[in-house]
Amino acid sequence: MYYPLLSIALGSVLGAWLRWFLGLKLNPIYPQIPLGTVTVNLVGGFIIGFAMAYFAHSDLSPNYKLFVITGFCGALTTFSTFSIEIVTLLQSGKWGMAMLAISIHLIGSLIFTCLGLAAYYWVAGH
């Protein structure tokens, strides 16, 4: 009964720690479009794409899916952080940079989700 809750909680802790670490290390490199936020959204898109395909063909306990998708990816990806970064750019009058950041996050995440799906099918030989 508690395994789903524990699965989500443990995945969330690990995802949040990784998000914090990548933000700490990568955001100072190019603050106009914080690379930590971009990285976690792209990596999260890849992981969720791969995981969805994997779990669709797996007999593993649903708790593993909760751990990876709901917990880890849910804590790793950063829509709220992305939103405030875009609003800050807009408030600073940096409309072009805001549109570039939106494009990178949205298109990049979709591409990386597709790459994750494709990677699973390539690895699994489907």
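Including glycine, each Cβ sits where the backbone N, Cα and C put it.
Pulled from Swiss-Prot:
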BINDING   GLY74, THR77  Na(+) binding site
TRANSMEM  4-24  transmembrane segment
TRANSMEM  33-53  transmembrane segment
TRANSMEM  67-87  transmembrane segment
TRANSMEM  97-117  transmembrane segment
Same chain only, please: residues at least 6 beyond the ends of the transmembrane segment (97-117) with a C-beta under 8 Å from a C-beta of the stretch. Say none if there are none. 32-33, 37-38, 41-53, 82, 85-86, 89-90
The correct three-state DSSP answer for GLY74 (Na(+) binding site) is helix
Students should find that the Cβ of THR77 (Na(+) binding site) has, within 10 Å, a number of other Cβ atoms equal to 23
Mind checking which residues reach the transmembrane segment (33-53)? Cβ under 8 Å, same chain, six or more beyond either end. 18-19, 22-27, 65, 68-69, 72-73, 76-78, 81-82, 85, 97, 100-101, 104-105, 108-121, 124
Can you tell me how many other Cβ atoms are located within 10 Å of the Cβ belonging to GLY74 (Na(+) binding site)? 17
